[in-house]
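Here is the structure we will look at, set down as structure tokens.
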Amino acid sequence: MDFQLVLDQINTELRPLLGTGGKVASYIPALARVSPLQFGIALRTCAGETAQAGDSAVPFSIQSMSKVFSLTLAIKALDEALWSRIGREPSGSPFNSLVQLETERGVPRNPFINAGAIAVADRLVSQADALPQLLRLLSGLCGEAVHVDAEVARSEADTGYRNAALANFMKGFGTLDNDVATVLDVYFHQCAIAMTCEQVACAAGYLCRDGQHPLAGPTVISATQTRRINALMLTCGTYDAAGEFAFRIGLPCKSGVGGGIVAVVPDRLTLCVWSPALDATGNSWLGRQALELFVAKTGLSVF
Ligand code: DON
């Protein structure tokens, strides 16, 4: 299949729509300043073939896409033990919702809603070096140095009232072992990591390779652990739009409010799309259309 041709076609078809739908995330000031008139797409096959189009080399804030990689570290370290504090069910609620935590005794529904990702960050804080460990993982996976955007991290912390509420609430239930401020600091910084579509498509490569490193590196996680992360991405990776994503796209996906979405075609390739304007569920408005087009053009889907 000529993937470069497919991505060029998607870029040509969708670029005219830039500026006609969706809204850039406004609740974090540093994200509100990003121009919505950008669209990038990149993929990397299991065999290492790459293709890219549009603004695929422009760094953006990976936001909640970081939750896939922090979960990877936590699963690698704790395996089954991780699930005593974090559920595996879709929430059907917005990513920053507090409501389920009260009736479910401080156990977040899944590792991809904010509460779940904060609980994962707590597990990483209990080991040494949570943030450097995450940056090392990402840099190794894409073969280039990956950094935190300090301005976004500050902005995230300055406006993170709901995340602070979630963390304190979980601390009250004993879901977090560590100091709330320390855990939130890791969470805010992981959300503020900046990467390009090309870097993310490469970094996520182990998810289409049964946990094998996309470049020449050690095994990232086992094939079973990889399947589980893909299952969670399919069922919970796009929040209360997960059903719609499965229906229309049918691929494990993880989105972030920076406008990125990473998608996995198991045993074939990983794909990253980015366009900053979001739909009402917090997923990239054009990115979602790009994934739909990709599946329609290639027939690649898990279903
Ligand atoms: O927790 C927050 O508010 C953000 N920094 C991350 C949220 C996010 O990307 C949710 N995703 N769609």
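From the backbone N, Cα and C atoms, a Cβ is placed for every residue, glycine too.
Heads up, TrEMBL stuff is auto-annotated, nobody curated it.
As written in TrEMBL, here are the features:
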BINDING   Ser64, Asn114, Glu156, Asn163, Tyr187, Tyr239, Val257  substrate binding site
Site extent for substrate (largest Cα pair distance over Ser64, Asn114, Glu156, Asn163, Tyr187, Tyr239, Val257, Å): 20
CB within-chain contacts under 8 A for Asn163 (substrate binding site), separation at least 6: Asn96, Asn114, Ile118, Leu184, Tyr187, Phe188
So what sits near Tyr239 (substrate binding site) in its own chain, CB-to-CB under 8 Å and at least six residues off in sequence? Ser91, Ser93, Pro94, Phe95, Phe112, Ile113, Ser255, Thr281, Gly282, Asn283
Enumerate same-chain residues with a sequence separation of six or more from Ser64 (substrate binding site) and a Cβ-Cβ distance below 8 A; give 'none' if the list is empty. Phe95, Phe112, Asn114, Ala117, Cys191, Lys254, Ser255, Gly256, Val257
In the three-state scheme derived from DSSP, which category covers Tyr239 (substrate binding site)? helix
Residues near Glu156 (substrate binding site) in space but at least six apart in sequence (CB under 8 A): Ile28, Ala30, Phe188, Cys191, Ala192
